[in-house]
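Beneath this line is the structure, given in structure tokens, with notes to follow.
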Amino acid sequence: MIHEHRRLVPTMIAIIIGVAFAASTLMLMDSVKAFTLRTQAAAVGDATAVVTSKNASKPIAPATVNTIATISGITTVEQTRDVSLQRTDNGRANYVNGHLLPAHPRLIKGRAPLKPNEVAVNQTTADNNAGIGARITVNALSRDNAKPVTLTVVGVLNPDARTTTNPTSAEIYLPATSLGLISGRPGADTVYVNSDRPAQQVVQDVSKVVGTTATVRTADDERTHQAEQASQGFTVMTAFMGAFAVIALAVAAMVIVNTFTILVAQRTRALALARCIGATRKQVRRSVLGEALVAGLIGSAIGTALGIGVTQLMLMGLKAAGSPIDTSISITVRSCIIPILVGVVVTALAALRPALRATKVAPVAALQPVIEPPTRRIGRIRIVLGALLFGVGTALVIIAATGDMTTKNAVMCGTGGGFISFAGVLVLAPVLIGSLSRAIGSARFGGVPGELAVENIQRNPRATTASALLIGVTLIATVATGAATGRASIDTMMNGHFPVDATVSAQGPLDAATIHDVEKSDGVSRVATVTTIPGIVEAGGDATKVDIQSVSATFRDVVRDDSAVQGLDDNHAVGALPGVDDGSTITITVGRKKTNLTLVRHGEDGQGLIVTQKVGATLAPHAKPTQVQVRYKDGTDQSTVTQTLSRSISTHPGVTVASTADQKAQLDKVIGIMLGMVVGLLVISVIIAMVGVANTLGLSVVERTREIGLLRALGLTRRQVQSMFGMEALILSGISAIVGIALGIGYGIAGSHALYGPLMAVQTSVPWLQMLIIAVIAMLSGWLASVIPGRRGATIKPAVALAEE
């Protein structure tokens with residue numbers, strides 16, 4: 001058999017792709033983990049001990065840090081702090097990370113900040129209109145009604161590992177006093193302690209000072225702790241990526257089964273002759289398995305080497321996309337040996353069944369000519385087992401989608417049910433292929449080649465090609481449907497929480513000029529003013545302080561979610577109050593003015609009440625708008641519109657724009673990236689399945705050599721022979737696409753309900769255009785895979801084929 005090396009090419013391709021995927025998964029995770037650990041180790045540096053606050057909202061007090069510094073034997077202490085800030089000087093609400101100025105700042109230009117109103121920035125922030133001499137305005141996100149602070153940029157620095165969240169994120173650096181005033185909570189998150197004393201003694205002395213407010217570890221213990229924390233995240237990532245590697249290897253196994261079935265079918269006479277001259281069944285089995293092991297070993301070695309190159313390309317791609325990760329690839333013995341072992345084992349297991357089949361051929365019978373391949377019947381046990389698996393699995397999926405359970409339990413139940421259900425589909429695949437191919441045959445499309453293609457499928461509906469392709473198509477359709485449903489559901493939820501595209505606001509009232517500039521900004525469709533009036537609401541004898549939001553008449557045209565204003569008129573207020581039911585009468589008091597309204601309950605308690613502009617004018621005649629709610633024109637680039645709007649209001653001091661449309665667009669982008677990544681990973685299994693298509697048709701050529709010769713003798717042309725194989729591939733891939741897309745839509749919808757149902761209202765959405773593209777690509781790929789077998793079949797000469805014994 002080893003002389004039929006060309007027949008091993010499909011096995012080699014399948015194993016190379018599958019193993020390369022597995023190897024690159026391990027190597028990528030190892031590389032990312034190694035980079036993370038290097039970064040964390042660099043942060044610990046030469047410290048003797050590390051002190052970490054147990055509560056992020058309660059930093060280590062400056063007095064405690066000073067006391068630590070006075071402990072005998074401690075030479076230096078360095079404190080770090082990370083505070084989430086909001087920058088509002090450029091007309092937009094941008095997020096920046098505020099850090100304590102490093103003890104030894106690595107300045108690129110300028111100097112370190114010395115005064116309370118001075119600041120240093122990293123290069124990313126400097127590139128965003130914050131170079132030396134610029135004035136930026138920031139305030140702490142954690143402080144309600146905090147007054148913004150204006151700072152002057154005096155330096156641009158290159159942060160070290162201790163004082164950076166992400167080298168590509170916006171970061172500023174302040175003296176301890178300044179950062180404490182802005183955040184409202186002076187102190188440090190982490191203190192790095194250097195000493196010439198033994199680390200354990202330093203830990204004991206420092207622990208006495210900090211008590212139960214912080215954790216003290218030696219440098220080695222801190223590195224171990226950080227490695228354990230990082231490993232938890234990497235375990236999840238590795239499992240996620242590993243799942244796709246398992247899928248690819250499972251599909252590769254199907255292709256290998258086909259390959260060795262072809263080899264056994266083609267070499268039946270040679271094997272039988274070997275049996276006749278003394279070869280035992282055991283020797284025949286060893287021959288087939290030995291060839292599988294050699295092919296698996298070579299393919300796995302090549303696949304592992306290819307995985308190294310793929311990993312390097314992925315790291316370079318991540319770096320080019322702005323990731324802080326370096327391009328140093330981490331290659332370990334584990335990441336090289338495991339893929340090779342897996343590839344060899346998968347190949348050997350996949351070849352076991354064909355090897356056993358080869359030993360069951362009677363020598364004398366095998367030497368007799370086979371007129372045509374036997375029709376393989378589908379047993380009742382297969383039908384009953386498949387139906388049972390599909391029924392039980394589908395029931396579990398439905399329970400997960402509609403039952404009242406936690407997200408974790410729903411996902412576990414749905415995932416388990418999905419696997420069981422799909423296993424039933426794979427068992428029933430021959431039945432589905434046979435039934436659907438009969439339906440296609442009744443249409444009599446494609447002429448004689450089409451009829452012959454359908455007839456051949458009917459003779460052997462167990463071909464694993466359709467099953468292999470079915471796996472890839474189903475998973476891609478599932479992911480696409482789940483992503484579309486997730487997009488629609490999240491968009492609906494965000495429209496409910498943030499019903500407008502952008503909000504323009506200031507610390508005080510907005511003047512008419514500002515409102516005019518907002519309204520005339522490019523890309524803005526409609527605007528509505530909101531006047532916030534502090535008031536007291538009485539209902540059922542209880543009085544509550546509430547912000548009354550008086551909205552202009554155009555507010556209905558601005559909101560994306562109509563439920564936010566449904567029922568709003570001069571006699572009704574929209575909102576939610578603790579313990580107050582829908583339809584209750586409430587009394588709103590502002591100063592000496594009162595009015596009675598009916599409550600239309602909407603939203604969550606404590607988010608204020610919405611009233612009409614007429615009601616607001618009655619309660620506070622002299623109040624001026626405090627916000628402008630904005631709706632963008634449909635079809636515009638929301639980020640561009642927000643930037644234009646920011647420039648339009650930049651001449652009005654203290655006025656900023658916060659865009660929820662940007663948040664929605666960013667979230668949609670993240671979903672799109674994840675979808676693209678997952679689909680890209682699944683496409684690998686489809687590629688392997690295409691190798692299986694070519695293999696199945698190759699088997700068909702081998703088994704039907706005499707038949708093809710007879711058909712050619714009866715007048716079938718070479719073009720018609722090629723068409724026959726092309727039609728067979730199109731039918732197989734078409735059936736896989738139809739069944740896979742139908743299953744994928746069902747699994748995607750059910751999975752979305754299980755995943756999102758406990759968190760939000762699920763809005764089912766099926767991306768029909770994407771489904772059509774999936775079907776077209778699957779069928780086109782199948783046809784392309786038929787080209788080589790079709791040409792091989794077309795070259796069979798009638799006389800030679802009919803002369804075979």
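Cβ coordinates come from backbone N, Cα and C, glycine included.
Per TrEMBL, these features apply:
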type	residues	note
TRANSMEM	12-29	transmembrane segment
TRANSMEM	239-265	transmembrane segment
DOMAIN	243-362	domain 'ABC3 transporter permease C-terminal'
TRANSMEM	288-311	transmembrane segment
TRANSMEM	331-352	transmembrane segment
TRANSMEM	383-403	transmembrane segment
TRANSMEM	409-434	transmembrane segment
TRANSMEM	466-485	transmembrane segment
TRANSMEM	673-702	transmembrane segment
DOMAIN	681-797	domain 'ABC3 transporter permease C-terminal'
TRANSMEM	723-748	transmembrane segment
TRANSMEM	768-788	transmembrane segment
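Here the transmembrane segment (673-702) has Cβ contacts under 8 Å with residues 7, 10, 13-14, 17-18, 21, 241, 244, 247-248, 250-252, 254-255, 258-259, 261-262, 265-266, 456, 460, 463-465, 468-469, 471-473, 475-476, 479-480, 483, 708, 725, 728-729, 732-733, 778, 781-782, 784-786, 788-790, 792-793, 796 of the same chain, all six or more residues outside its ends. Packing against the transmembrane segment (239-265) from elsewhere in the chain are residues 1, 4, 7-8, 10-11, 14-15, 17-19, 21-22, 25, 28-29, 271, 288, 291-292, 342-343, 346-347, 349-351, 353-355, 357-358, 463-465, 467-468, 471-472, 475, 678, 681-682, 684-685, 688-689, 691-692, 695-696, 698-699, 702-703: each is 6 or more residues past its ends and has a CB under 8 Å from a CB in it.
Just going by CB pairs under 8 A, the stretch in 12-29, 383-403, 723-748 that sits most against the transmembrane segment (331-352) is 12-29. Distant neighbours of the transmembrane segment (723-748): 397, 418, 421-422, 425, 432-433, 436-437, 440, 446, 449-450, 452-454, 456-457, 463, 465-466, 469-482, 484-485, 693, 696-697, 700-701, 716, 766, 771, 774-775, 778-779, 781-783, 785-787, 789-790, 793; these residues of the same chain sit at least 6 beyond its ends, with a Cβ under 8 Å from one of its Cβ atoms. In the predicted model, residues of the domain 'ABC3 transporter permease C-terminal' (243-362) average a pLDDT of 81. Within the domain 'ABC3 transporter permease C-terminal' (243-362), the DSSP-based counts of helix, strand and coil residues read 100 helix, 0 strand, 20 coil.
Applying DSSP to the domain 'ABC3 transporter permease C-terminal' (681-797) sorts its residues as follows: 97 helix, 0 strand, 20 coil.
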